[in-house]
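Peer 1: My questions all concern the structure below.
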Amino acid sequence: MSEEQLNKHTAPGHAKPRVAVLFGGRSSEHAVSCVTAAGVLGAIDYDKYDVIPIGIAKTGQWVLVSGDTRQWSLSASSLPEVSPSARTVTLAEIGGEHQLIVASPNEVPQELGAVDVVFPLLHGPFGEDGTIQGLLELSDTRYVGAGVLASAVGMDKHYMKVVFEAAGLQVGPYIAVTDRQWLTDPEAIRKRVDRLGYPVFVKPARAGSSMGISKVDSLEGLDAAIAAAREHDLKLVIEAGIVGREIECAVLEGRGTEPPRTSMPGEIAVAPGEHEFYDFNAKYVEDDAASLSCPADLPDEAIARVRELAAAAFDAVGAEGLSRVDFFYTPDGELIINEINTMPGFTPKSMYPQMWAASGLGYAELIDELIYLALNRKTGLR
């Protein structure tokens with residue numbers, strides 16, 4: 001992004017665009033969000049941007065984060081967390097501008113000034129699901145990533161599939177289970193699952209990072225898997241197991257009227273052993289539990305088709321900024337869309353930036369491009 005382009009969108013009184021990096025949140029993916037933020041805060045160009053790190057504690061409190069968050073990492077014994085503070089951050093309208101205010105008991109509130117763009121690195125409910133996007137829309141604040149509707153659809157695995165099917169994209173067999181349905185007639189649910197055929201995957205409808213997901217091979221394990229998923233969400237999606245390779249594709253919004261850009265597809269391979277599928281530990285905790293091959297070893301026509309379908313999925317939900325689209329590639333060459341993630345993991349080791357790196361766009365450049373897209377996107381209905 002050129003200096004002229006940056007200055008065009010910089011609030012009066014700012015030498016460079018002010019970027020509020022928002023992370024943490026109330027969801028069970030709080031720690032993952034913190035690690036994502038650590039990656040971005042470690043790579044963003046501080047010569048180009050005035051960066052304000054804002055954490056959301058699990059209580060919902062917004063705090064100004066100090067210290068070296070770039071060292072945060074995930075391990076079996078270490079889950080980073082935003083700590084509540086007496087000094088809270090709010091977004092308030094002052095002099096016709098929406099500004100960040102730091103307030104604490106018995107102190108005069110401190111004005112941090114206007115924000116040019118918010119980079120919400122929030123995963124899961126109350127952040128990735130349209131809630132924070134709605135707040136930012138109400139305050140007429142530009143932000144990175146998908147808008148309210150696309151974020152909400154991308155968070156709900158049930159309605160995501162409804163939208164994909166309406167757009168002519170092939171999804172696998174599944175059922176959606178509401179809280180009321182399970183509580184009032186669990187036997188009917190067991191029969192519906194039996195018709196899907198085992199194995200099945202039981203998932204919280206509105207959770208990510210493989211939280212609460214179980215593979216179930218028979219009726220005997222179904223109720224326990226449902227109970228585990230319901231700890232994360234009372235609405236569930238139960239999917240028939242699909243034999244196929246796990247293929248992913250990164251999507252980046254096009255500039256202006258250009259179509260979405262797609263990376264070379266990558267393939268996830270889970271190492272043989274204790275992980276039956278790509279679960280939370282394989283994703284984030286154990287370095288050798290899974291590997292990414294990019295570009296995936298696929299025929300040229302399959303690679304082209306993955307990229308075409310990934311862009312179609314991006315457009316189907318009305319996404320903006322970035323998304324990662326996941327597929328199954330079956331032995332007979334079918335591509336079945338699994339899901340779209342409108343705020344994918346964004347550490348330097350995450351699949352989304354790795355696929356772009358393999359496609360010629362580095363991590364710092366990717367951050368620049370996302371901020372550029374947000375600064376140049378109009379607010380309000382679009």
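Cβ coordinates come from backbone N, Cα and C, glycine included.
For reference, Swiss-Prot lists these features for the protein:
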type: DOMAIN; residues: 161-372; note: domain 'ATP-grasp'
type: BINDING; residues: 193-248; note: ATP binding site
type: BINDING; residues: Asp326, Glu339; note: Mg(2+) 1 binding site
type: BINDING; residues: Glu339, Asn341; note: Mg(2+) 2 binding site
Peer 1: Sorry to bug you, but what's the C-alpha spacing from Asn341 (Mg(2+) 2 binding site) to Val200 (ATP binding site), rounded to the closest Å?
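Peer 2: Val200 (ATP binding site) to Asn341 (Mg(2+) 2 binding site), Cα-Cα distance: 21 Å.
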Peer 1: Test of understanding: give the count of other CB atoms lying within 10 angstroms of the CB of Ile242 (ATP binding site).
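Peer 2: Taking every protein chain into account, the count is 17.
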Peer 1: Given the binding-site residues Val200, Ala228, which one is most crowded in terms of C-beta atoms within 10 angstroms?
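Peer 2: Of the binding-site residues Val200, Ala228, the most buried by Cβ count within 10 Å is Val200.
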Peer 1: With a 10 Å radius around each C-beta, find which of these binding-site residues (Ser214, Asn341) has the fewest other C-beta atoms nearby.
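Peer 2: Output over binding-site residues Ser214, Asn341: least Cβ neighbours within 10 Å is Ser214.
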Peer 1: For Val193 (ATP binding site), which of the binding-site residues Asp326, Glu339, Asn341 has the nearest Cα in space?
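Peer 2: Minimum Cα distance from Val193 (ATP binding site) across Asp326, Glu339, Asn341 lands on Glu339.
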Peer 1: Could you say whether, by DSSP, Glu339 (Mg(2+) 1 binding site) belongs to a helix, a strand or a coil region?
Peer 2: strand
Peer 1: Rounded to an integer, what is the Cα-Cα distance in Å between Lys235 (ATP binding site) and Glu339 (Mg(2+) 1 binding site)?
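Peer 2: One finds 17 Å between the Cα atoms of these residues.
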Peer 1: Where Ala228 (ATP binding site) and Asp326 (Mg(2+) 1 binding site) are concerned, what is their Cα separation in Å, rounded?
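Peer 2: Taking the Cα atoms only, Ala228 (ATP binding site) lies 24 Å from Asp326 (Mg(2+) 1 binding site).
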Peer 1: What binding-site residues among Ser214, Gly221, Ile242, Asp326 are found with a C-alpha within 10 angstroms of that of Asn341 (Mg(2+) 2 binding site)?
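Peer 2: Near Asn341 (Mg(2+) 2 binding site) by Cα: Asp326.
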Peer 1: Write down the Cα-Cα distance for Glu339 (Mg(2+) 1 binding site) and Ser214 (ATP binding site), rounded and given in Å.
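Peer 2: Just about 17 Å between their Cα atoms.
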Peer 1: Where Glu339 (Mg(2+) 1 binding site) and Gly221 (ATP binding site) are concerned, what is their Cα separation in Å, rounded?
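Peer 2: Computed Cα spacing between Glu339 (Mg(2+) 1 binding site) and Gly221 (ATP binding site) is 25 Å.
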Peer 1: Calculate the distance in Å between the alpha carbons (Cα) of Ala207 (ATP binding site) and Asp326 (Mg(2+) 1 binding site), and round it to a whole number.
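Peer 2: On Cα coordinates alone, these residues lie 15 Å apart.
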Peer 1: According to DSSP, which kind of secondary structure is Ser214 (ATP binding site) found in, if we only use helix, strand and coil?
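Peer 2: It is in a strand.
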Peer 1: Near Glu339 (Mg(2+) 1 binding site), how many other Cβ atoms are within 10 Å of its Cβ?
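Peer 2: Counting Cβ neighbours of Glu339 (Mg(2+) 1 binding site) within 10 Å gives 19.
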